[in-house]
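Q: My questions will all concern the structure given below.
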Amino acid sequence: MGVALTRLAQWTAAGYETGTLEITPLNESILNEITKFVESFSYKYPQEAKFVFVEPLEWKTYLEPSAFELGYVVSATTAESEETGKDGQPLLFLSVPYIKVRSFGQLSQLLSIATDSKLQEAQACIEANRDPVVKILGPDYNEMKEDPTRLTLLDTIIKDKETYMKRKVAILLKQLDLHLLNHSLKYISLEISLNPGTFKKDIELLKRFSGKGEQTVLESIEYTSDYEFSNGCRAPPWRQIQGEICYVLVKPHDMETLCLTCSTEGVFLNGGKTEEEGEINYERKGEIYKDLVTCLKDKSPVFSENMSKHEIRFTEEQQKDNQIFEKPKTEDGHSSVAGSEKSKIEKISFGKSPMTKRLEPSLNWRVTVDYKDHKSSIKDSQEEKQGKLEKSSSVSVAPSRAQSHRKGGEKVEETVSESSSESEEDEEPPDHRQEANADLPSEYWQIQKLVKYLKGGNQTATVIALCSMRDFNLAQETCQLAIRDVGGLEVLINLLDTDEVKCKIGSLKILKEISHNPQIRRNIVDLGGLPIMVNILDSPHKSLKCLSAETIANVAKFKRARRAVRQHGGITKLVALLDCGQNSTEPTQPSLYETRDVEVARCGALALWSCSKSHSNKEAIRKAGGIPLLARLLKTSHENMLIPVVGTLQECASEENYRAAIKAERIIENLVKNLNSENEQLQEHCAMAIYQCAEDEETRDLVRLHGGLKPLASLLNNTDNKERLAAVTGAIWKCSISKENVIKFREYKAIETLVGLLTDQPEEVLVNVVGALGECCQEYENRVLVRKCGGIQPLVNLLVGINQALLVNVTKAVGACAVEPESMAIIDRLDGVRLLWSLLKNPHPDVKASAAWALCPCIENAKDAGEMVRSFVGGLELVVNLLKSDNKEVLASVCAAITNIAKDQENLAVITDHGVVPLLSKLANTNNDKLRRHLAEAISRCCMWGRNRVAFGEHKAVAPLVRYLKSNDTNVHRATAQALYQLSEDADNCITMHENGAVKLLLDMVGSPDQDLQEAAAGCISNIRRLALATEKARYN
């Protein structure tokens, strides 16, 4: 931090000792980085945050004592922290307006309190404490010469804890210093763009658009000096040392003449020309702008307005001038202007910073590209697009090549069925382009200038431009779109098609970062980037393989990209990366060799994880032999490897073929083992994989046998990570389908914990929690446990939701609890039955069916069920009308509900009036055994009112019922025999049964071990026999 502040921070003319920080982009960047570092210090380094500074940092603050709340003793003019050092002094003391801070923990807390004024506080602190490192560590603490990235063995066994802690803080400060130096390079490297040629172009252009008319942008613009030095500068030599290039007098339409300084740092307003001597006051009077046009737009509203009218024409003129002025060779004038800055940079000691090495241009270039070669390259690529020339390799290639490559490589898209799990970015989002007049940050324009070097520069410029571009925050959308808008994506993709490894690596590193943006992803696919990346997977260079696979992982977030990867053979190559250790030819040290292999496999797994959201890709992974390799990688101890591996398995486990293979490869054992990991993300994906696989009974048993139920139950206690909680509760839900697992969960107190999760949780968690309770409550002991833990009320409260999956599960859980009379009383008191009944109107068939099933135990166990059902206005009519549904599950559940409703004679009369008999009869011709059983039971019950027996015969329900006796389901036999017994009370029905062969089938069932079936079959045969005897008797009489 000390080196960065002394050598890079820009101070006012008063100098480093007494001046203040200037308002410049570089200073603002340094302040932002320091603020981020201090803000995150408390939670990143909790032990180091407690270290007490040798001397307090003291400055004049903008904060008031009232801003400090918890953990502080506050009065009208003072505030002090309750936290104190060994000497009993507070670690933070504010006496308006001065503040003293003695630890990073308190500094971090202060910045969180400051919110909007945190940068002001940071600036005031740095200006008041010119060498903060000395105050923090003491004047005798020498600068470290060791590697700052690791502690030595001596450090770990040192007895003096205070010295040890000071050492760790010193390392962190050294790392911050290096970070600030590296981070500042992007501002220094971009000064290369501001040279005499740049300003000369801009001034000449503005002159063309200036004059006396109202539509002109300016009245006049001219240099203060007509003399031009050989290097292109017009500033005096002693000012050129400061980076100044020239001075211009600008007369806008709406204000007095402005005197502007054009320098390598930008454009700013100076003190103007003195009237007597005509000398220029060089002192800066305002902020620095990135160029002349931006400065004038800010100063003059009329200029801004008129400029917007001429924007297109002005841009065209600029592009014409670029072809004249822009040359890849560095001008001599430029080097002399930037000389002082270069010497300033060279003085900075970067130690062994990786940035230094990264900025060194390669000397081993195969081809030299100058301006003429570049023009011919464009011409070649245009001919190539028409198929007239063969593809050639070059470092700097034209943007049009990306398009020709794409068109040549495209195949006819096959029609594929994509997985239902593909919910991510399947819709094409609108392509947002930056507006011409948008108020864009300086980074946007700086990146665009770098892209120009990529397009037309020589090899050195290409490498430096790639390195400089990476120093920007490429996670920002502005930076990503800046690369795209100026044609940088095409260039980056074409650099992948060269033979230069460094160019490929630099390009892939940038593409990897910016491909997190959905628009950029789609642009990469449109430009044919994926086939090239897939080909790079065959490269012998492991670093290239890694970067290519990681970029594919980012891009393959939508259907078209996943399909493209598969169509170009990417799945097979990615699967091969999982086994790359056996195919490697790079001679390296054993430890490094193993590490690189692990990294290659990890990146391959990441890409497969993204691709595995497609059904066709899942099948391709399986056919390529991916499952055994994933199973082998699952045994590794590298957590960063395990996460994508388990993530891929989790996606693929939705397919039945995969679940069988997962069992065969004994993957469940390793999934269970990794549930005990400390990594929350790994726990989440393991639980999710178990959730997918536990549809199978054998898998549920394996989870129990390998001890997976206990860690699942223990993970329920940590509710902070909602994604992990959803995965864990999902795994518990599916495992609870097996009764043996439910017993174990009861032992581990999981049911009580699940009840506690019924409130204040997101729907993703609630669906699984309620599903698990629904399965657990099939057992009597668990129903009692849920009631005693107060689980009934939150379950009933969830009946008013709108989430389909949640409603299906909660109705099942409420229905399971309703089996117990005491729980049923609570449900009735909370108006739960009415809520269930209202769900019969839900548009989703699954919700209707689940609600109808839940009503069955409610009606069966209610104290006055008949009266309760009749109290629901229109409720019986609603139930009867549901018999018109096309959904078999809805029909079966409604028939079951009618069976219970019809136990009350008054209710039976009402549903008969609503036409239940013809609707039930209409359903008789079904082959679904579940529906057959409950339909037969409903018919049996409905026969007990009036002439319903006769009506069923008239509606031809008897003959289909006889066929039910041929089913293989004993439950269907019993229900059918009971229905036929009731129907056989009518003579015409007996005749129909006899004609359809019922007697023979019923005789076979009289010998059944099921007593109810025996009695019903015998009773039916008895009625048929009595009718036959009566007929015989009548004939002879």
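Each residue, glycine too, has its Cβ placed from N, Cα and C.
Copied straight from Swiss-Prot:
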- 316-334: compositional bias 'Basic and acidic residues' (COMPBIAS)
- 376-391: compositional bias 'Basic and acidic residues' (COMPBIAS)
- 477-516: repeat 'ARM 2' (REPEAT)
- 528-570: repeat 'ARM 1' (REPEAT)
- LYS545: N6-methyllysine (MOD_RES)
- 615-654: repeat 'ARM 4' (REPEAT)
- 656-695: repeat 'ARM 5' (REPEAT)
- 821-860: repeat 'ARM 7' (REPEAT)
- 864-903: repeat 'ARM 8' (REPEAT)
- 946-985: repeat 'ARM 10' (REPEAT)
Q: Which of 528-570, 615-654, 864-903, 946-985 has the most Cβ pairs closer than 8 Å to the repeat 'ARM 2' (477-516)?
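A: Ranking 528-570, 615-654, 864-903, 946-985 by Cβ pairs under 8 Å to the repeat 'ARM 2' (477-516) puts 528-570 first.
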Q: Over the span of the repeat 'ARM 10' (946-985), count residues by DSSP class, listing helix, strand and coil in order.
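A: Result for the repeat 'ARM 10' (946-985), in helix, strand, coil order: 28 helix, 0 strand, 12 coil.
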Q: So how many of the residues in the repeat 'ARM 2' (477-516) end up helix, strand or coil by DSSP?
A: 31 helix, 0 strand, 9 coil
Q: Same-chain Cβ contacts of the repeat 'ARM 8' (864-903) under 8 Å, 6 or more residues past its ends?
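A: Residues 828, 833-834, 837, 840-841, 845-846, 848-853, 855-856, 910-911, 914-916, 919-920, 922-923, 926, 928, 930-931, 933-935, 937-938, 940-942, 944-945.
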Q: Quick one: what's DSSP say for the residue listed as 'N6-methyllysine', helix, strand or coil?
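A: In three-state terms, the residue listed as 'N6-methyllysine' counts as helix.
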Q: Just to be sure I understand, if DSSP states are collapsed into helix, strand and coil, how many residues of the repeat 'ARM 8' (864-903) fall in each?
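A: Helix, strand and coil residues of the repeat 'ARM 8' (864-903) number 30 helix, 0 strand, 10 coil.
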Q: Validating a neighbour-count step here. Other CB atoms within 10 A of the CB of LYS545 (N6-methyllysine): how many?
A: 25
